[in-house]
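**Student:** Mind having a look at this structure? Questions to follow.
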Amino acid sequence: MQRDTGAGDRTPGTPSPTHGGRLRHRKRSNEVPSDVNTTNGANLLLNDQNKYKSMLVRTYSSLWMMAGVVFLIYMGHLYIWAMVVVVQIFMAKELFNLLRKANEDRQLPGFRMLNWHFFFTAMLFTYGRFLSHQLVNTVTSDKLLYKLVSRLIKYQMFICYFLYIAGFVWFIITLKKKAYKYQFSQYAWTHMILLMVFAQSSFTVANIFDGIFWFLLPASLIAINDVAAYFFGFFFGKTPLIKLSPKKTWEGFIGASVTTLFSAFVLANFMGHFQWLTCPRKDLSTGWLHCDPGPMFTPESYDLPGWMPQWFPWREIAVMPVQWHALALGLFASIIAPFGGFFASGFKRAFKFKDFGDSIPGHGGFTDRMDCQMVMAVFAYIYYQSFVMVQDLSVETILEQILRNLTFEEQHELYEQLGKLLVRAN
């Protein structure tokens, strides 16, 4: 008879054998210690609170910016242009400061002014080309001022080139030993800013004077796409879109695209009813505008298909031709323009900083808000010039060429010759 080994005969700490020769283990509890649960819960709650707080700050800032833009649109073209110039100056300041090194700058007094010299030279060149026609129309009533402005416009390209060469010589003269690399990198960085930022955003001004519609609609679509992507990603985002911007999601991208296209079609119809938005500005005055809206903003009727249900109240709809063009703008704003933001995200990651600045609470700097707007402004300008603007030779086009290329005496002679031709025709 086998001896029964009791618990008292086993060595302490030795597990008791089972019938199958396996060791029996005490079942471990799946419960997480209460202190760990408390800590994790507090962190999640804190992150959640910070997330919603950030959203509220961003929303308040967006509402203030929207209110400011609406006020400037009410004031008119010149005020919107002034807003664009202010934004460009802030963007340039943020970007100039990115690669700035205080130690090197102290050794190069006056070198920082060179950046702004190139900036204002580019501003004079760009706006001189875009707004020469409006400027001449503004001063036609004063003979002396008209002659002065005509001469400035005629030699504007030479003046800007001379200013650029002066800056180039200034740069060469200020080159300093042991600072060559820093100075040349700043020179290249300044030109990149002027090309990639200032030149693109300047197309916005051309859009403004072609009609506020062509500035406001593209800018609104970018804002709508940005807000929609943020909220769709905030509430439904799960699938990452691109590594350059980890917070961007496919859910936000698709939701924003659908919202932007729908908004483009509706907003174009709404804005198209206001002549203040659709009429081009031919001078630099601030008075109210009245013009023939033209076929682009004249509604056309379309019969709805027969399979529409009987309870549907409309059998035809009125659509402005500009609404179809608005869909093209919406498609670009939702698919291509976000890559301007991705470019900015990649740039920030390359230089290891979060935002370009902190001028706008919840948004970062002006450059953070304008990255997609710059891409959109160029597309809107090119699209308008290619598919919307009438390309036929017009009286305004001929007058602009006369004012740009002929002296006052030559214009007077042309006037007399035309008068003689008209007399003979009668």
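Just so you know, glycine gets a Cβ as well, placed from its N, Cα and C.
TrEMBL lists 1-41 with the feature region 'Disordered'. Annotation comment: TrEMBL describes 31-41 as compositional bias 'Polar residues'. Per TrEMBL, the feature transmembrane segment maps to 63-92, 113-132, 152-175, 187-206, 212-237, 249-271, 322-344.
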**Student:** Quick check: do the transmembrane segment (212-237) and the transmembrane segment (113-132) share at least 3 Cβ pairs under 8 Å, counting only pairs 6+ apart in sequence?
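**Tutor:** As far as Cβ distances go (cut-off 8 Å, pairs 6 or more apart), the transmembrane segment (212-237) and the transmembrane segment (113-132) do not touch.
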**Student:** Between the stretches 63-92, 113-132, 187-206, 249-271, 322-344, which one has more Cβ pairs under 8 Å with the transmembrane segment (152-175) than any other?
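**Tutor:** The stretch I would name here is 113-132.
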**Student:** Can you work out whether the transmembrane segment (63-92) touches the transmembrane segment (187-206), with the criterion being 3+ CB pairs under 8 Å where the paired residues are 6 or more apart along the chain?
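**Tutor:** Contact confirmed: at least 3 Cβ pairs fall under 8 Å.
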**Student:** For the transmembrane segment (249-271), could you work out the same-chain residues 6 or more beyond its ends whose Cβ comes under 8 Å from its Cβ atoms?
**Tutor:** 213, 216-217, 220-221, 224-226, 228-234, 236-241, 277-278, 319-320, 322-323, 325-327, 329-331, 333-335, 338
**Student:** Could you give the residue numbers and ranges of same-chain residues that sit at least 6 residues beyond the transmembrane segment (113-132) on either side and whose C-beta is under 8 angstroms from one of its C-beta atoms?
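**Tutor:** Cβ under 8 Å, 6 or more out: 85, 88, 92, 96, 153, 156-157, 159-160, 163-164, 166-167, 170-171, 174, 186, 190-191, 193-194, 198-199, 202, 205-206, 209, 284, 400, 404.
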